[in-house]
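Taken from TrEMBL, the feature domain 'Ig-like' covers 10-104, 109-175.
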Amino acid sequence: MCSLATVQKNSSTALPHDLVVVAGNPVTLPCSIPGYHGIVLWVKDGLALGVNRDLSGYPRYSVVGDHSEGEYHLRIGQVDLTDDALFECQAIHAAIRSHPARVTVLVPPDNPVIIGAPVVSLRAGDPLNLTCHADNAKPAASIIWIRDGEVLNGAMYSKVGAQLSAAGSMGWGLL
């Protein structure tokens, strides 16, 4: 396979472009090449997904649109982190390809959890250290401690793992 030229855009050409999508939602990457009736190949991170509408190895993926109109749009049913990649469509017989389009997948965090909550028993004068986790997010969640409507300064914050977890700690003494 040889991809020599880049598709020239005209008023009716639609090519894939960078997208940001929340995990679990569908997304469609456009690939419309009017007047082209040859083989179209979708590529993800440099690896071929399949030819024309045959993407049998990828059950969440399908090629949609009217082939007779040169439409070969890639639809991803429910986006997940494995779809965070570069995609391009290639018109094989015309030796043309689109520019790579970046799909960025966002994952909302799990509900925050305060370790030891909801009740922590202390004696007056004892120091208190609370830890909050908000896991499985991309990008990692930011944790802000608020007491009586005021943001608490001095809280420690750290990201854990591959931008999927965040933890925040806050300590203070009770009088």
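Including glycine, each Cβ sits where the backbone N, Cα and C put it.
Under DSSP, the residues of the domain 'Ig-like' (10-104) split into helix, strand and coil as follows: 6 helix, 42 strand, 47 coil.
For the domain 'Ig-like' (109-175), the model's pLDDT averages out at 72.
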